[in-house]
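A.B. asks: Pasting the relevant annotations from TrEMBL:
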type	residues	note
ACT_SITE	Glu96	active site, proton acceptor
DOMAIN	102-336	domain 'Radical SAM core'
BINDING	Cys116, Cys120, Cys123	[4Fe-4S] cluster binding site
BINDING	Gly167, Glu168, Ser199, Ser222, Leu223, His224, Asn298	S-adenosyl-L-methionine binding site
Amino acid sequence: MEEKVKKKDIRALTLDQLREFFVNNGDKAFRGNQVYEWLWQKSAHTFDVMTNISKETRDLLTSNFVINHIKVDQIQRSSDGTIKNAVRLHDDLVVESVLIPTKSRTTACVSSQVGCSLDCKFCATSRLKRMRNLNPDEIYDQVVAIDNESRLYFDRPLSNIVFMGMGEPLMNYNNVLKAIDKITSPEGLGMSPKRITVSTSGVPKMIKKMADEEVKFNLAVSLHSAIDEIRTSIMPFNATMNLADLREALQYWYSKTKNRITYEYVVWKGINDSQKDADALVQFCRFAPSKVNLIEYNPIDDGQFQQANDKAIEMYVATLERKGITVTVRRSRGKDIDAACGQLANKI
Ligand code: SF4
């Protein structure tokens, strides 16, 4: 009986490995560059579209490899212009990514894992168990799909990327960095790393690793409380990766990069809406230039978490501004299609 050989995803190969493949098969190394350009810059879904490659070579590729491309299964458009994509992966799992348009920019919010390894109580994604990490090409493809939609619906290319979709990006560190490499490289999308923000719930070891590797993209931390007891109650992993460790890692990050740190922060009624909470936030982040985004919360149906009232938000803004910390209040986008922060849960 003929044994079915599982073909390798060609996009798991580096440029050097692809060049080597062609040399080993009696062709020129340069052929690898041509194919690489088709795979990444031109986002080819099949070998047949590679028109500057001979039929014989395309057959060689077909018998050795597959191109595991994502498929945008469903697109939902919000009344505020936000678009949510349900992205089907080659193994039929689904993640979501979101396009957020404003007057001056179009931002892609992309996923890094199917489900999430962490267990934030306020987050819809945490209810899906982590099924697997996304591969670099699956992350890259989400960005390409949103770039195409941005050109189609808003007549301009994608301008920014945030890793704030499903999953904790620093729990899939290597693949996220490989994807960013592709997104920023001239053979990929050629985007500036300054337009990319990796948003983490705070994994101290990995923040230090990023600092050591002198990455050029921006860092945002979903803090939500600067008091251990409260943070652990809403983000249970804080029991093992506590605020002291996080702060030490952020201090290390700042000493290496001199980049301002952004904090994402939701104020919930009865959880972190007191003056004591705001004072703790100031204490936590004043060691380095910081920006705090106060994000509007989108309830996820169990009623345990509710957005604090305007007075509490005003109190936070005043407290932060008094200490010279930049603060913005972010209205949520895409609420009507469950595309807002913390709402991504494959409901479509
Ligand atoms: S908030 Fe982020 S890190 Fe926390 S469970 Fe949700 S996706 Fe994971």
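Using N, Cα and C of the backbone, Cβ positions are placed for all residues, glycine too.
Explain the structural surroundings of these features, please.
C.D. replies: A strand conformation is recorded for Glu96 (active site, proton acceptor) in the three-state DSSP classification.
Here the domain 'Radical SAM core' (102-336) has a mean pLDDT of 92 out of 100.
Sequence-distant contacts of Cys116 ([4Fe-4S] cluster binding site), defined by Cβ-Cβ distance under 8 angstroms and a gap of at least six in the same chain, are Cys123, Thr125, Ser126, Leu128, Arg130, Met166, Gly167, Glu168, Met171.
Within the same chain, residues at least 6 positions away in sequence whose Cβ sits under 8 Å from that of Leu223 (S-adenosyl-L-methionine binding site) are Gly202, Arg231, Tyr263, Glu264, Tyr265, Leu281, Phe284, Cys285.
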A.B. asks: Using DSSP reduced to three states, classify Ser199 (S-adenosyl-L-methionine binding site) as helix, strand or coil.
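C.D. replies: Its secondary structure by DSSP: strand.
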A.B. asks: Report, as a single number, how many Cβ atoms besides its own are within 10 Å of the Cβ of Ser199 (S-adenosyl-L-methionine binding site).
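C.D. replies: The Cβ of Ser199 (S-adenosyl-L-methionine binding site) has 22 Cβ neighbours within 10 Å.
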A.B. asks: Helix, strand or coil at Gly167 (S-adenosyl-L-methionine binding site), per DSSP?
C.D. replies: coil
A.B. asks: Just name the winner among Ser222, Asn298 (the binding-site residues) by count of other CB atoms within 10 A of its CB.
C.D. replies: Ser222
A.B. asks: Are any of the recorded positions Glu96, Ser199, Leu223, His224, Asn298 near ligand 1, with a Cβ under 6 Å from it, and if so which?
C.D. replies: none
